[in-house]
Structure formats: C-alpha cells, structure tokens
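Have a look at the structure below before the remarks.
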C-alpha cells in the first residue's frame, strides 16, 4: 500500500502543500516544452511539405546558431550577422533543393530520409571545419535579448521566471500561430500539403516542386535559427545540441507529424510531463526519469492514437 | 465556371495538339515508337489499345512527365521537342491518373482548390497576412470551386479528407481538380476503371457535359469499348507502342489490325 500511496496520493499532497513550488516546476516544464515545440515545428514543416522526416533538423539548429555566433566573432555587427545568417539559411535551402531533392523527385520517402542523414553528416563536418568544434556562447546581449529574471510573489512563496524564457515563449507562439494559419488557409500552404501527398499530382496541377521545397526548407531554416538562439541563450552553442533535437520525436508522435498546432501542444505536454514527473515521481525510482519519460509517453500514444493528437488520419485502402 | 478563353489561333475543329513521330524509350524498352496523331479543338479523342500498348506513356509525354527521345509536340501552335509539367499545366493541359493521384490527407475542397494554384497570383507576403487582395482572391476562387462541386454533385463530401472516400468518388474529385484548372485540353487516364455500371454512367455524363458545356477538348484512355465508341469523336489505337489505326469509331471497329490486336491472330 505504501507504494500505491507514494505514486497516487503523495505527489498531489506535495503539490497542494507547496503550490509555489508546483507553479515553478510547471513553468520550467512549459519553457522546455516551448523549446521542444520549436524544434518539432522544424520537423513538421518539412514533413508536411515533402513527407520526409528530416533527420538534419537538429544539426540545422546548431549550424544556424554557430553561423550567427561565428560571424559575430569574426567582427560582423550582431544585427548584420543575424541578417547574414538568414541569408546563409536561404542558400542552404537552395542548395538542398538543387543537390539533394531535385535528383530524387518521385523516389520513395525512405530514399529522401536517407538523404537527410547524408545532409546531417555533411553539416556536422562543414560546421566543424568552418567554426571549429569548441562550444560558443550565444550573443544574447548583442541581439537585445533580455537577461535576468523576474520574481512574482504568489501562493505564499516566490516564483521566478527567466526573461529569456518569456521571450522564447512569445516568439514561439507567434511563429506557430502564423505558420498554422499559413498552412491551412493559403494557396502556398495548400501547395505545400499537396506536394507532401503526391509529387505527380502536384506537378499535374502546375505546382512547382522546386519553389515549394526552397520555401519550406528556408522556413525550416528560420525556425532552426530561432531555436538555436533561444536554446543557445539557455546553455551554450555546441554540437551536443543536436542530440536534444531527438526529443522532438516523442513530441511529434504526441502532436502528430503533420500538425503545426500539434507540435506546440505536444511540446508543452512533454515538457511539463518531464519536469513534473522528475520532481514529484522521480525520487521513487532514484531520479533520472526526465531523460526517458518522454519516450514512454510517446509509446503509450503509439498504442492508442498512432496519428497523434492532431495528425491527419489517413486510412489506407487495401 | 467559365469556358476557357478561345485562343485567336485555335478555334473549334482546328488542331489543338499534335504529336509527330514521337518515340520514347526506357533503356532498351521501347514504350512508344514513331507515333503521330492530332487532337482537334472541341472533340473527344479516345486512345485505346491492349495493356502495355503505351497509352499512359503517351499521356505522360503530352503533359511533360516523360520526355521523348524523338519527335515533336505542337500545342496551340507552338512546337516543342518535349513538354514540361509546369508548362503543360500553365498552358492549359490538365489530367487525371489511372490509379487516382489525389492529396489524400486534404479535404475534397482543398484538393479542388489546389487545382486553382496557377490561377492564383497573389504573392507570398499577402498570403502570410491573409488580408486584402489575398483574401479577396481566395473568396473569388472558392466560388469557382463551389460551382465545380455543384456540377459534379459532390456537395456532401466537401469537407471529407479524400483518403476516406470510396474509389468512385475519388475519381470524381480528381476530375474536379482537373476542371478547376479550366483546362483547354483534359487528359483522362481510364476515368472509369474499377467503377460499377451506375458510376460509369455518371462519369460518362460528366465527361459529355464538360465537353459540351465548357467546350473542353478531351483525350481519354479507356478499356470499356462500349464507352469509347459512344463517347468519342475519333479513336487512335496503339499496340506495342505503335499506332495501328486512327479514325472515327465505326472505322476503327471494323479495322482488321484492331480486331487482331484485341482478339489475337493465329500464328
């Protein structure tokens, strides 16, 4: 009975007895959730428009952040460096379209997926060659991003919020909202989804695959840059960041691979679930559940709702 | 829905599209060998032949999916050695596919709206804002699409993702998407394959209506000979990638080479 009490009753008693601590944990969960959501958003964009799981999204985050910091360190003013980095992401999008995607039109998705592996290792090598392998510090102040924290007195205690986290949440919300509308309601959004479903049908109605792919990889590049800045500001800019990108997988399974709002809701659920799980249930198994809880949640979802919360349910006729 | 603009150069009865001496090879496999025929403005032109005769390859050449090694394609008076899908679509060639190529995750409405892609010209920026001109444009095109939906009698499935629809309706949505392009030449690859009698009759009616109401020129591949002979003005017959007959249905029906191709000849 002790075990049952510890699992089902005690954590909630704790939450009730120290609500400020609960709010603090919840907030931290939401913040890491927003960052997961940003990464997942990059995946969703490319998946929606080409039906391909872009393995390179994680390294694109690192590459964008490295380019930004690298340019600054080379003496370029911060704002100019930001503009140039956006330019670099555009060149990357055009390059990917020309060299990787164009020769692979109408190939099975798995071929394109493997091609993104190739892209990943190319970007790792190229990034290290140009910017070196050492971790860098994000130029937070130079980009006029806020630093420090604000404290609220509430529920009989103090809750402190990092200003950078609030900024990240705002930026992520704006991006997600505009992309969701863009995908659902506009001609180009429709064309993006059309390309994902069938290359030949898209071609037959006069949609230009090349143009669509450049748009979508460029947008994913911008999202990667935003993610890189936000995440870099919280820790540091290094190649290790791309591992965190794998956390986007459970987020995607939860939210659905094809849904922009799904990416953000999935991200928040995973983020909050992780932090609350670690704080309240972690001690029961000697902590450390933060690193695997997300995958367990995702596994549960695969069993009961494989298309995710917001994914499109496609029934294959056989 | 408006009838497509009549080009000054091409009026009813004139040649709208001509393929001349087209040959297409995949490595050593000859899909099409030295085929020439034309499609006149306003007619329904059938392409028939046994399996593997190169009918679908021919459609793919016409709308630019395949690039022939030899030959020329003349569309609306412009001669090219090969088409490109984008050029074909923007010049007014629409098509449907043998095995239905729809955007399965999207609704009927969105699928047909996708057919309006080339007609919508507001830039990226306006689209992001979803305001002003882009919004007006969206509404204007939605109106055309609703007319097509009425015409094809698929009002009830407007918001259903097409992946869930039965096959016959999918074929109809695909036709709707092609019609949304307001094509001058509509290529139909086995529009009645896998349909029951009732669905076939519906589809026949739609094809005839499209042809007579909008003046759309139609080229279709079909295996149901009854349908072909009823619908089409002229028929071209392919066998093993070569043209073996070309003419009005009655001529073709009594052509010995065609009878041999379909029934086989004793060797």
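Glycine too: its Cβ is placed from the backbone N, Cα and C atoms.
Listed features, source TrEMBL:
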type	residues	note
TRANSMEM	A:29-47	transmembrane segment
TRANSMEM	A:52-72	transmembrane segment
TRANSMEM	A:78-101	transmembrane segment
TRANSMEM	A:110-131	transmembrane segment
TRANSMEM	A:164-183	transmembrane segment
TRANSMEM	A:212-233	transmembrane segment
TRANSMEM	A:239-272	transmembrane segment
TRANSMEM	A:279-304	transmembrane segment
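Counting Cβ pairs under 8 Å to the transmembrane segment (A:239-272), the stretch among A:29-47, A:110-131, A:212-233, A:279-304 with the most such contacts is A:29-47. Stretch with the largest number of CB pairs closer than 8 A to the transmembrane segment (A:110-131), among A:78-101, A:164-183, A:212-233: A:78-101. Distant neighbours of the transmembrane segment (A:29-47): 53-54, 57-58, 60-61, 162, 165, 168-169, 172, 175-176, 179, 196, 216-217, 219-220, 223-224, 226-227, 230-231, 234, 244-245, 247-248, 251-252, 255, 257-260, 262-264, 266-276; these residues of the same chain sit at least 6 beyond its ends, with a Cβ under 8 Å from one of its Cβ atoms. When Cβ-Cβ distances under 8 Å to the transmembrane segment (A:78-101) are tallied for each of A:52-72, A:164-183, A:212-233, A:279-304, the top count falls to A:212-233.
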